[in-house]
Amino acid sequence: MSDDDRRRWKGPGPERQDSGRRSTERKVIARNARTESSKRWIERQLQDPYVRKAKDEGYRSRAAYKLLEIDAAAKILRKGMRVVDLGCAPGGWIQVSLQQGAAEVVGIDLLPLDPIEGATIIEGDVNNPDDVARMMAGLSGTPDLILSDMAANTTGHKQTDHLRTVALVEMAVAFAIEHLDDGGAFCAKVFQGGATKDVLNLLKQHFRTVKHIKPAASRAGSPEIYVVAKGFRR
């Protein structure tokens, strides 16, 4: 830039300056929101009795108590059964399944997790046939129970979060219909909302009984509930 050009150039115009300020403000707000959200999450974890209990009793997550409560109410786990856990990280549901006497337990998750003795764990995608084949190779036959504690990353917008989680449940239901043994059971997390009705209707076509369970271990104010379906039929 020449000296004449420098003298003539007055810097960015007011519109560009305003746009830049707004962009910076949005970034600061977003960063602060993430920071506040993280602080709330940490505080909630520190105050959560189930988090402390899980640590004391050797479970990998507080979610283990949800499955224990669900099983106490619905009797979906039994000795000698074959279990598939979709979205299994960090492994609490696998631990409970083995503890309750399951003979074979396999799990799959996009996230890596440490091995659990007695279980086959695949780092992969339930939508990838090769990953599913590797997981199912860990079973000697068709599964008796399919579990899914999958949930989409939350956005803070209830309806969006609900629809995204319902999409995961629909994927889990499709997996169950394809792989579950006759008479088998299915348990999955859903968020309360209107779209859940379609999932329930689909389950009622393929299972003798379908019901909702809200474990006490679910956090107060959480919209999550669990759908439990028993008596699979094609």
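Just so it is clear, glycine is given a Cβ too, placed from its N, Cα and C backbone atoms.
Look at Swiss-Prot and you will find 1-37 tagged as region 'Disordered'.
Sequence annotations record features per position, and here Swiss-Prot assigns S-adenosyl-L-methionine binding site to Gly91, Trp93, Asp109, Asp125, Asp149 based on sequence analysis. Within 10 Å of the C-beta atom of Asp125 (S-adenosyl-L-methionine binding site) sit 13 other C-beta atoms, taking all shown protein chains into account.
Here Swiss-Prot flags Lys189 as active site, proton acceptor. According to its DSSP assignment, Lys189 (active site, proton acceptor) is in a strand. Within its own chain, Lys189 (active site, proton acceptor) has Ser148, Asp149, Met150, Ala151, Thr165, Val169, Glu224, Ile225, Tyr226 as residues 6 or more apart in sequence whose C-beta sits under 8 angstroms from its own.
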Cβ neighbour count (within 10 Å, all chains shown) around Asp109 (S-adenosyl-L-methionine binding site): 20
Number of other Cβ atoms within 10 Å of the Cβ of Gly91 (S-adenosyl-L-methionine binding site) across all protein chains: 22
